[in-house]
Ligand SMILES: O=C(CO)[C@H](O)[C@H](O)COP(=O)(O)O
């Protein structure tokens with residue numbers, strides 16, 4: 001039998017599939033929770049004959065969606081994305097999130113920023129008062145990445161190159177490396193995001209601030225928390 005976390009991911013993923021309407025262009029995130037969403041969406045497409053175009057955020061998601069018969073376009077071929085459903089590694093009550101546990105943060109952020117609405121699906125263990133327990137992924141250009149690693153180390157950001165199971169440095173779909181920062185508690189996410197964005201060699205970071213509109217949280221009871229459209233958060 002599946003563990004509770006997996007059941008909660010499934011609950012959130014399947015609920016998200018019910019949000020999709022005919023003729024939508026849908027951003028398809030990456031990860032194990034999104035897998036449940038994509039499987040449920042493919043089922044709805046088959047049964048109800050929905051006309052959906054998916055825009056994927058990783059090669060893994062592209063393979064899954066293709067195998068399930070979902071029509072795909074690239075982010076550059078659609079005028080906009082109606083709704084993106086993605087997972088997250090950690091979320092706080094101010095709608096700050098950490099993403100990139102599946103190494104897809106760059107494409108995930110591009111797809112999210114081209115969507116009219118962003119919904120995240122998580123299990124309840126990922127919802128915290130303050131983000132930072134999950135190591136923050138930073139995607140970096142391979143050239144000079146050792147120097148960047150040293151800078152992060154000197155700044156006490158506890159960097160680690162992400163590696164594959166066979167021990168090589170993991171390469172993202174865009175051909176970059178990931179350095180994970182072990183921070184434990186990110187008290188000022190906006191300042192940290194600014195610092196990373198100013199650092200040459202950093203392609204993107206996994207802080208997704210003020211991007212998500214709604215979070216669906218699987219648990220004993222499914223919870224949906226929605227951001228007020230006019231609310232701006234100051235970190
Ligand atoms: O950001 C991501 C991939 O880059 C994922 O959405 C995140 O890691 C959550 O994954 P999962 O649903 O498998 O827990």
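Backbone N, Cα and C define each Cβ position, glycine as well.
Annotated substrate binding in TrEMBL involves 30, 31, 32, 33, 86, 87, 88, 89, 99, 100, 101, 102 plus, out of the candidates 66, 117, 126, the residue 126. Local packing around the Cβ, expressed as the count of other Cβ atoms within 10 angstroms, is greatest for 99 among the binding-site residues 99, 126. In this record, substrate is bound by 30, 31, 32, 33, 86, 87, 88, 89, 99, 100, 101, 102, 126; the longest C-alpha to C-alpha distance in that set is 16 Å. Non-local contacts of residue 30 (substrate binding site) by the CB criterion (under 8 A, 6+ apart in sequence, same chain) comprise 57, 58, 60, 61, 86, 87, 102, 104, 107, 108. Note: the substrate site is recorded as 30, 31, 32, 33, 86, 87, 88, 89, 99, 100, 101, 102, 126; in the same chain, 29, 34, 104, 122 also have Cβ atoms within 8 Å of that site's Cβ centroid. Within its own chain, residue 32 (substrate binding site) has 6, 9, 87 as residues 6 or more apart in sequence whose C-beta sits under 8 angstroms from its own.
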